[in-house]
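Novice: The feature signal peptide is assigned by TrEMBL to 1-22. The transmembrane segment annotation in TrEMBL covers 55-74, 95-113, 119-143, 150-168, 174-191, 198-218, 238-262, 269-286.
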Amino acid sequence: MKTFFKIFSTVLFFCLPFLASAHEVYVLGDEAIAHDSVNSSTNPFMAIASSESQFAFWAFLGIVLVLLVLIISLSRWAERLLDPLLFKLKPYAPAIERVTIGASFLASAYYGALFGPELPLSSIVGGVLVLRIVLVVIGVLFIFGIGKRVAAVVALIIFADATLQYGFYMLTYLGYLGAALMPLILGRAALVKKEQALASFVLRVLFGFSLLYASFYAKFLHSSLALATVTRYHLTNYFHFEPLFLVLGAMIVEMLLGFFYIMGFEIRFTSILFIGFIGVSIAFFGEAVWPHIILFGTALALFVHGYDHFSIEGRFLKKGIEPVL
């Protein structure tokens, strides 16, 4: 166990220099977002040309750390140590995600914005008051597990309406879509292994894609947003890298986390690392907590559920036997 936490601390410290805010739209002002979103952005990969040796060093260190974590997570001593606890936690994953999306909808109703502060309820068809009432009702239904499939259908309708308004930007919030689909997939059989595995698979794939797109949007497509965050919070004073190199590092780390979720690779360790990232980001940047409820809760639910037969490690490395970490 001590070895595991040493590895985790090392990886977290390794990634801290690249921790430009997970959601730049939560820490920048509306004017800054509007300005940086329309202006042309610099390609982050241009930072490699002036920092080839640094890029090679951090890339090599990252590969070594991932391989080290993989070796530990597949070891028999780790399985013997953690199997009893983690397998007991697994059935609680759907309930954790259900409460998470319920709390997120209640927060959306309270703050008058859908999923995040950049999506005001006034921009969604239906009227602010009506939407707030609907969000409160489905939030309560999700939390208490009463009429959760009806709540899920309503949540999907709201998501579809928001997609009509905001288009591809809603890919940032695919985690909500995955959470809403879970009750529909599970039905009344929340503890049936096959259905739970499918629901977890859908959740982690959509959640992973949301992380990929959020990173692509703010750190590649509109890298000026990330650069503005680096400048505003003087991150180069803490970590002695070029601003564009920090943006590149943050993009790669976030995309790797999303890719790991999609492939089902090191799900539990990825979840711990992601929760650590979000916690540090909120503390350092002073971000609003409520838009991150879905991120915390989904990562926790995926940690609790762990692997399924759709995951790459369970299928190829363990030959159908479920890994622990």
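Cβ atoms here come from the backbone N, Cα and C positions, even for glycine.
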Novice: At a threshold of under 8 Å on Cβ distances, which of 95-113, 119-143, 150-168, 238-262 pairs most often with the transmembrane segment (198-218)?
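Specialist: Between the candidates 95-113, 119-143, 150-168, 238-262, the best contact partner of the transmembrane segment (198-218) is 238-262.
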Novice: In terms of Cβ proximity under 8 Å, which residues at least six beyond the ends of the transmembrane segment (150-168) contact it?
Specialist: 101-102, 105, 114-115, 119, 123-126, 131, 134-135, 137-138, 141-142, 176-177, 180-184, 213
